[in-house]
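Colleague: Feature table excerpt (Swiss-Prot):
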- 1-141: domain 'Globin' (DOMAIN)
- SER3: phosphoserine (MOD_RES)
- LYS7: N6-succinyllysine (MOD_RES)
- THR8: phosphothreonine (MOD_RES)
- LYS11: N6-succinyllysine (MOD_RES)
- LYS16: N6-succinyllysine (MOD_RES)
- LYS16: N6-acetyllysine (MOD_RES)
- TYR24: phosphotyrosine (MOD_RES)
- SER35: phosphoserine (MOD_RES)
- LYS40: N6-succinyllysine (MOD_RES)
- SER49: phosphoserine (MOD_RES)
- HIS58: O2 binding site (BINDING)
- HIS87: heme b binding site (BINDING)
- SER102: phosphoserine (MOD_RES)
- THR108: phosphothreonine (MOD_RES)
- SER124: phosphoserine (MOD_RES)
- SER131: phosphoserine (MOD_RES)
- THR134: phosphothreonine (MOD_RES)
- THR137: phosphothreonine (MOD_RES)
- SER138: phosphoserine (MOD_RES)
Amino acid sequence: VLSPADKTNVKAAWGKVGGHGGEYGAEALERMFLSFPTTKTYFPHFDLSHGSAQVKGHGKKVADALTNAVAHVDDMPHALSALSDLHAHKLRVDPVNFKLLSHCLLVTLAAHLPAEFTPAVHASLDKFLASVSTVLTSKYR
């Protein structure tokens, strides 16, 4: 459960992402594909090379979903319901992959926002991404 301090940290950190969300989302996806090659199996129709328009497009979708989650941090299950349905029923993404992408997002944010990425912010973002992952996998049951 996110504390009020966690919510403040997440909103402040995500606010610093600004217009770079799509770029950071794409970078996190590239990190995931390189570090965890089995995740590529969910994107057989994508050009997964560095700078690919498809990876950039999906990175923007990831960032937009996280922006939505930040904006609705007190009601993420409702805000992410359609996305949860999509990943559970149509795409059938293995839930472990959300943890892998979350890790890669944390690394990407730490690399781009070193001054803002304090231990407290790191912990808050980790809890937030774990909450998002929980919501996205809730329809698997």
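The first residue you see is number 1, and the count goes up from there.
Each residue, glycine too, has its Cβ placed from N, Cα and C.
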Colleague: Counting across all protein chains shown, how many other Cβ atoms sit within 10 Å of the Cβ of SER124 (phosphoserine)?
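Modeller: For SER124 (phosphoserine), the count of other Cβ atoms within 10 Å is 22.
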Colleague: Output the one of SER3, SER35, SER49, THR108, THR134 that, of all these modified residues, has the highest number of other Cβ atoms within 10 Å of its Cβ.
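Modeller: Per the Cβ count, the most surrounded site is THR108.
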Colleague: I need the nearest neighbour of LYS11 (N6-succinyllysine) among the modified residues LYS40, SER124, SER131, using C-alpha distances.
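Modeller: That would be SER124, the closest of LYS40, SER124, SER131 to LYS11 (N6-succinyllysine).
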Colleague: Through the lens of DSSP with three states only, how would you label THR108 (phosphothreonine)?
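Modeller: Note: THR108 (phosphothreonine) is helical by DSSP.
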Colleague: Is it possible to list how many residues within the domain 'Globin' (1-141) are helical, extended or coil according to DSSP?
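Modeller: Helix (H, G, I), strand (E, B), coil: 113 helix, 0 strand, 28 coil.
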Colleague: Find, among the recorded positions listed as LYS40, HIS58, the one whose Cβ has the highest number of other Cβ atoms within 10 Å in the structure shown.
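Modeller: The residue with the densest Cβ neighbourhood is HIS58.
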